[in-house]
Amino acid sequence: MTNSIEQAWDLAKQRFAAVGVDVDAALTRLDTLPVSMHCWQGDDVTGFEDPDGVLTGGIQATGNYPGKARNATELRSDLELALALIPGPKRLNLHAIYLESDTPVARNKIEPRHFSHWVAWAKKHQLGLDFNPSCFSHPLSADGFTLSHADPEIRQFWIEHCQASRRVSAYFGEQLGTPSVMNIWIPDGMKDTPIDRLAPRQRLLSALDEVISEKLNPAHHIDAVESKLFGIGAESYTVGSNEFYMGYAASRQTALCLDAGHFHPTEVISDKISSAMLYVPRLLLHVSRPVRWDSDHVVLLDDETQAIASEIIRHNLFDRVHIGLDFFDASINRIAAWVIGTRNMKKALLRALLEPTDRLRQLELRGDYTARLALLEEQKSLPWQAIWEGYCQRNDVPVDARWLDAVREYEQQILSQR
């Protein structure tokens, strides 16, 4: 470390030790908590299946910042820069539309070989991979229904796509030695008030059971399901609601995905984690930033991001919660978006690990809520930034906003040529 950072580090460690926090133990734990970065920030959820395709499914990437990735080589290059600017362990989350093939591949015919380059790249960079079937931006999802479709042939197509996706996910886990979390999200819903809310959910229930019927090694693959309140064009009814998927995950013992933008604006997923963990074996978190709706803005180091991290740490959910990000902002440099959001998630985890939780819990048990509030507020002023800077330097990444210099240089040399 440089002298100034080392001096600040030593003083900060003393301050935290005075309140009973072991900084070295906190950093050791932080190094066991990978954050899964989402590939789709790099190209506005376009994928490689049809570069001229239109994004559908009630989601939207707004903006036209130049330099978005147009193929897998460009996307991996962009990711490599982002990864080099973020300290600690990372993973990469892929959608099925990011397959690589010289010939068109139907979604229900995808195979592990279509993702072999991603696996080789992940091995090189010591990354785990996660996966998602892509039930959107396709002619057979154009009417707003996939796994709950009333047409059995269309429904079967999406069942087969999800089944094929599970095999790809298991391939990731087997090849990389770390389980791939495969999350199923579907856009199914209606713009206006439906007469029959039950039948689509009955079809979805049966379809999901068929999707997960093949037994896969849990050391290689983990199933997750994700709810949503509404989407563009599905404002009045969403088949896969919170209640539906909470019941499904609890009864089938799959993981449950909680997306920060998929609930009413007055709801927060940090308050849902402890309840859900009583009933499901695992949680997948999609940390995002909804602005008035599921806008998928870049994650900030704000109160909710901190609360999410604190819930994981306070309840020792390290082995049961999988931390992923889900945002896509096309109005700013896409590599910078990755770096900002992922560094913020890691900062939140570090701050949570530096909290004197045992001391605060004892105050709560004694009913001393005055001291609890006082210490909660005072610990916000402890020098966690000095620990963060030391952690960045130990991981050979820029300590502060100097990471932006690398992004600007890459933008001038590489992105401007696209």
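The backbone N, Cα and C atoms fix where each Cβ goes, and this holds for glycine too.
Not measured: the values here are computed from a predicted model.
The feature Mn(2+) binding site is assigned by Swiss-Prot to His262, Asp294, Asp296, with sequence analysis given as support. In the three-state DSSP assignment, the secondary structure recorded for His262 (Mn(2+) binding site) is coil.
Asp296 (Mn(2+) binding site) counts 27 other C-beta atoms within 10 Å of its own C-beta, drawing on all protein chains shown. Following the DSSP three-state reduction, the secondary structure of Asp294 (Mn(2+) binding site) is coil.
Counting only same-chain residues at least 6 apart in sequence, those with a Cβ under 8 Å from the Cβ of His262 (Mn(2+) binding site) are Glu226, Ser227, Lys228, Leu229, Asn242, His286, Asp294.
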